[in-house]
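To start, the structure under review is shown below, and the notes come after it.
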């Protein structure tokens, strides 16, 4: 997601600057390893129960190295960071960072538009004819997509989606994943995982199982735009309709993704797309220690030679935890 949930923590100043540096490394320098390093440090520090007093103290945490510790010292003594000031005052990086906030514009496209003289929303509107369909929609709803979705609205959308799924075919199973499932107070977008007993990894592709749902949600006015529609993944825009005519406020347009997953791979998918990223990494590492390889599709035992065997049967998230002998964790406890 383009926007991360706000972190409430004692070390917010530190985590904020680390996330900002991370995004700069990813979007402007295309340095994904540096992005990951900053994100990891931010995540560890966000969970640290005390207010950090020095870089040395921070360096004791796993994921905080010497360079990041130095930056923390500078931030704690001066209240700011020379590197960040420089980045913020640098037109290139601030423009590129801004352009990547438009859905459909990744770092490469942002760099290309920047080289063509595009700096802001007004400039983008002038070259709208050069944008692809996805980017045009990203531009059209830019202000709305920037706003986070309150949990109360997510709950309304979840209830509507599950009710309508049941109308299309009661055999569908749907789960809203992402930070919402972990209990977050707000979300950046809606991420739905969908499955049906007729669709397994052994069966033929079943695009109609996905398209029937999308078409139905379009017909009731919930899905308003399509960004892309493949056999197993739909990306688009949705909007809650007014419950009563007299409601003044229209709901905002929101980004929605619907993924159709084979039934036998569904719970590995739900686990993966619930996150968090850090939790997933830790769980995969633990699985490897126990002799299993875990990804968003399957969990498979590793042979002595390190070759993965056949996927194990999974009928719930709990099954996956049991295979790797890990105590089950409720979604709300999966932030790390």
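Cβ atoms here come from the backbone N, Cα and C positions, even for glycine.
Here Swiss-Prot has 179, 182, 188, 189 binding 2'-deoxyribonucleoside 5'-triphosphate, and the candidate from 119, 148 in that same listed site is 148. The Mg(2+) 2 site recorded in Swiss-Prot comprises 189, 191 together with one of 123, 257, 264, namely 257. Ranked by how many other Cβ atoms sit within 10 Å of their Cβ, the recorded positions 59, 82, 151 place 82 at the bottom. Across the fold, the C-alpha of residue 64 (Na(+) 1 binding site) and the C-alpha of residue 100 (Na(+) 2 binding site) stand 27 Å from each other.
The closest partner of residue 59 (Na(+) 1 binding site) among the recorded positions, by CA position, is 82; the full candidate set was 82, 100, 102. For residue 102 (Na(+) 2 binding site) paired with residue 151 (omega-N-methylarginine), the C-alpha to C-alpha distance reads 23 Å.
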